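Let me begin by presenting the structure, written as structure tokens, before commenting on it.
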Amino acid sequence: MQLKIMPKKKRLSAGRAPLMLFLCQMISALEVPLDPKLLEDLVQPPTITQQSPKDYIIDPRENIVIQCEAKGKPSPSFSWTRNGTHFDIDKDPLVTMKPGSGTLTINIMSEGKAETYEGVYQCTARNERGAAISNNIVIRPSRSPLWTKEKLEPIILRNGQSLVLPCRPPIGLPPPIIFWMDNSFQRLPQSERVSQGLNGDLYFSNVLPEDTREDYICYARFNHTQTIQQKQPISVKVISVDELNDTIAANLSDTEFYGAKSHRQRPPTFLTPDGNTSRKEELRGNVLSLECIAEGLPTPIIYWIKEDGTLPINRTFYRNFKKTLQIVQVTEADSGNYQCIAKNALGAIHHTISVTVKAAPYWIIAPQNLVLSPEEDGTLICRANGNPKPRISWLSNGVPIEIAPDDPSRKIDGDTIIFSKVQERSSAVYQCNASNEYGYLLANAFVNVLAEPPRILTSANTLYQVIANRPALLDCAFFGSPLPTIEWFKGAKGSALREDIYVLHENGTLEIPVAQKDSTGTYTCVARNKLGMAKNDVHLEIKDPTRIIKQPEYAVVQRGSTVSFECKVKHDHTLIPTVMWLKDHGELPNDGRFTVDKDHLVVADVNDDDGGTYTCVANTTLDNVSASAVLSVVAPTPTPAPIYDVPNPPFDLELTDQLDRSVQLSWTPGDDNNSPITKFIIEYEDAMHEPGLWHHQTEVPGTQTTAQLKLSPYVNYSFRVMAENNLGRSLPSEASEQYLTKAAEPDKNPTAVEGLGSEPDNLVITWKPLNGFESNGPGLQYKVSWRQKDGDDEWTSVVVANVSKYIVSGTPTFVPYLIKVQALNDAGFAPEPAAVMGHSGEDLPMVAPGNVRVNVVNSTLAEVHWDPVPLKSIRGHLQGYRIYYWKAQSSLTRNRRHIEKKILTFQGSKTHGMLPGLEPFSHYTLNVRVVNGKGEGPASPDKVFNTPEGVPSAPSSLKIVNPTLDSLTLEWEPPSHPNGILTEYTLKYQPINSTHELGPLVDLKIPANKTRWILKNLNFSTRYKFYFYAQTAAGSGIQITEEAITTVDEAGILPPDVGAGKVAVYPRISKLTTAAAETSANISWEYEGPELVNFYVEYGVAGSKEEWRREIVNGSRSFFGLKGLMPGTAYKVRVGAEGDSGFVSSEDVFETGPAMASRQVDIATQGWFIGLMCAVALLILILLIVCFIRRNKGGKYPVKEKEDAHADPEIQPMKEDDGTFGEYSDAEDHKPLKKGSRTPSDRTVKKEDSDDSLVDYGEGVNGQFNEDGSFIGQYSGKKEKEPAEGNESSEAPSPVNAMNSFV
């Protein structure tokens, strides 16, 4: 609450003691402040706060809401009049009044019509102090009538004629907005030639052929109802007489053309307004719109002038291509003659518009609310103006004052009511009505007679903060009736004010023109009138001003360089400043080149646009200061070629602001050697704890030359700085002076605290000690505390020296403990540490697992189950369970010799486990033990179990000795691991012919007690392959293979150089290797056997059935080069020896390299290809001859019948049509026989050895026929495969292979 502010103020001298400041000025009335608390307590007449507009156009589709809101104390009641008579809202069910308000709602959406409620409404708000009334509110529903239907004829006119398209919209309420569009709802283009008038018509100063269209449509938009009405489209056609043919021109009369005017050029004439003069009347405050539209050819231009004055500059606007002149906020001074001039090249025409500005009433002095105290005087003034002059009439509480109750304290004097010596009954609401023919004004003003003691409205103990040497204004807003006097005191009541001058404002505010530090204190404001007294204390604090102690300086820099402005600010320590940089009094450019740090603005890569004034502005909540500097950018001066290098070391290191935990380090950068410094690296040395060792402290940007460093207590610091640019890091600077920080208690406690027992009766507490840097002071020690976790014991503590372990003795076995280790030094203790859990020492478990069960899964696997031991008996951390098991004796031999025990450990609390890798047909014993961190507990009772029989291992060896013409002797050793009782041996064998093909498989069963067997009735000079394995009741074991050859004759059994008792060494070719190129390959091999052997190399395309091509090797060399091969082709190759005992190596496959584009040739032109094709043709011819001879002889070859008689049931039958052998393969790996394997001289073959490939033996009849005369040349096939059941395959014999038997 405040007194009405007056322009005068009083100056009071501080010469009195105590000095009291007075405010006691009589004014005509009090103004009631808008203080919520005050308004709640004061009695006040009603005041209208909100009402509907005087001319209230409503939407007939919505409910009618007529607003009337008022305030007062007590709350006012409301009533309404309609058309001058009382409107009883209770009798109309559609009308409701808002509770606590006078606002009416008429529900016409459910029933009723808006037209029923048209009329003039007025609201009255009344309480015990008076009645306020609203304006007369005229309610009218909006209207948007449809366009009257009319038939519009097409308009045809000549090019250049003028045209007016009438709109004539329907009359609506309020008037519609007019616009012209086409059928596509696109606005028609307007220009100086074509434009829309104020009346909505479309004017053409002259028409052009492009104006021809059939969809000129006028639209009327009624905003109040949000509807748009459309006129019928108008069709306009513009024709040119020069383009008409004679017939059309003859049939058209002048009257058939719109306007019938010439299309030739003509001077302007006005389309609107008519005549040479016209009149326009407008009301004050409205927008004056004057319009002139002219026609002519060429299109006229419009100009405007005021005959007896000038057009107002700031209120004049031209619209519609200057065809409309608008003057906003028109006044009586704008009355006069306005002239519009239309001009084109052929002449000019003018029109004068006489403008008269009338005025509805407007206020000069509106009556104001009047608050008086008893016996006071006052006035209400109601002064208005208008054209014509308005009439003033007064009402009291809504009743004309002439018939209102008489009040002796008031007197009417025209537009003024004078009150003298008012009483509380003089309170009332007065209405002033000023009206003329253009409108009226109605104002409510109350007279409120109050008797109120003083109240101070400024909040108690308000704190004012003021910058030193500036004015201080201390508020004392007050209210009272009669008007109180104001007094100010400083400090305790009666204390003297020693300042020179104070200023007291009429609203109670105390001003200290120049506040000093000693102005700080408590000030008391006292308000008094005859009804009482009130006082309030406020507090004043004086703050130091903000200053810029280091201002930015003028700088001249070259383009592309970096510039830095410094701005250091000093401020009152209780205020927080913000620093902002401006460029040319605006914000800095949004550019990454501009960086703002604490006290610096840095601009990198300066360009010409960066020149200007840079201002540093420092703001606090109470003041702000600024400083500026100018940056000038110049072209770089020519310089020698720069030398780029790492920066020079910084220098001049200085320590400032030395505190216990921080220090500021500053330095001067060395030369950057033409590469900007990107950062500085700061390192420190602790001369007390680690002398000579430098540690990384921090890094700062290259633009910064100071750093605030965080320090630790009790460290003797030295610092050094290194600079870094894009080329590397500088040498370190000289070390700074040493700075020893004060000792303090440790900041942290040891880490990695653990509690583990090394013995069953102790607890070993360990931790990672603090280093010297972390000790924070001398006398580093540790307080070690412990107590049992589950007990109620107090903590036991001991202080130990700077060690990392403490042993607590006499503890119970394996008990959980809570442990704490706290650091301390001479300055005090570190923060309270968190407790960790440990355990005292473990002891061996006391109880063995029980109920051990064994389930034998198969001959090599058993599953063991046991019951867990009680946790308390473990006496430590459970590591798991351990099974000891061993093979006690063989079930076959009952050998009781000791077997090494095996151990399996199962982690955690598992109660079962699997024992893999057991030996079949064995007797095992096991026991189970529980394991903790100390070791194993006692063993469970031994548990015995037996494994069943399994299949045996392969026989330990297989020897083939004493080869004869038709027999071979086999000797072997039993399997090293029979895994059961051997029941028998199985021997399978089959012959191999000279083309690596397998013959029929013979199966023999040999008693288990045999270790030697003689095979008789074999073919002489024939290679056999043997498969040999043992059997138990569980099945067949692993087989071992071997190959051997019967002798050619009895004389050839022992060569002359072989003594008695030795087996002949048979020749072999092994280690066949190939190295292929694009069209060639190098073949190499190893040979063992008699000397003077001639070798040959055979090769062909892999996978094809063509005949092997043979190349003779000169001499006895063991290598050969093949040439003329096709690139990118897979080849098969083998090496053989010529002679009576011919043999060949196993096959190898290689692939030549891909063909190069530059070496591609036409294969059809190659000699080798032509020769190959001739050889193939010759072979086919020979084959046909042989077939013909065999057919004529009618001979049969009983090979198939013989093989059927001795067939092995595990061998797939041969094809019935050709009787070929099945494929031959090594039983070990299902692959072709390995290269380079060798049979020992004693013919002993181990199971891991591979057999050599078959070689051809002999030539002629002796090498071609078996004992029964069957021809071996019939048999052909693929490489050998395992002679297993169901794995055989057979094919028709290759004619190439068939022919080999005749060669």
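Even glycines carry a Cβ here, placed using N, Cα and C.
Positions annotated as compositional bias 'Basic and acidic residues' by TrEMBL: 1198-1218 (among others).
The compositional bias 'Basic and acidic residues' annotation in TrEMBL covers 1240-1249 (among others).
Positions annotated as compositional bias 'Polar residues' by TrEMBL: 1287-1303.
Residues or ranges marked as domain 'Ig-like' in TrEMBL: 46-134 (among others).
The average pLDDT for the domain 'Ig-like' (141-235) in the predicted structure is 90. The domain 'Ig-like' annotation in TrEMBL covers 141-235 (among others).
Annotation source TrEMBL lists domain 'Ig-like' at 267-356 (among others).
Annotation comment: TrEMBL describes 361-448 (among others) as domain 'Ig-like'.
Among the features that TrEMBL reports, domain 'Ig-like' is placed at 454-541 (among others).
Sequence annotations record features per position, and here TrEMBL assigns domain 'Ig-like' to 545-632 (among others).
Summarising the annotation, TrEMBL assigns domain 'Fibronectin type-III' to 649-744 (among others).
Each residue in the domain 'Fibronectin type-III' (746-843) gets a DSSP state, and the totals come to 3 helix, 47 strand, 48 coil. Residues or ranges marked as domain 'Fibronectin type-III' by TrEMBL: 746-843 (among others).
As annotated by TrEMBL, domain 'Fibronectin type-III' applies to 848-950 (among others).
If you look up TrEMBL, you'll see 954-1050 (among others) marked as domain 'Fibronectin type-III'. Remark: secondary structure over the domain 'Fibronectin type-III' (954-1050) totals 1 helix, 53 strand, 43 coil, with classes taken from DSSP.
With DSSP states grouped into helix (H, G, I), strand (E, B) and coil, the domain 'Fibronectin type-III' (1066-1155) comes out at 0 helix, 46 strand, 44 coil. What TrEMBL lists as domain 'Fibronectin type-III' is 1066-1155 (among others).
For 1198-1303, the entry in TrEMBL reads region 'Disordered'.
Residues annotated as signal peptide in TrEMBL: 1-29.
With a cut-off of 8 Å on Cβ pairs spaced 6 or more residues apart, the domain 'Ig-like' (46-134) and the domain 'Ig-like' (361-448) reach 3 or more such pairs and are scored as touching. For the domain 'Ig-like' (267-356), the number of residues in each DSSP class (helix H, G, I; strand E, B; coil) is 3 helix, 55 strand, 32 coil. Taken through DSSP, the domain 'Fibronectin type-III' (848-950) splits into 4 helix, 55 strand, 44 coil.
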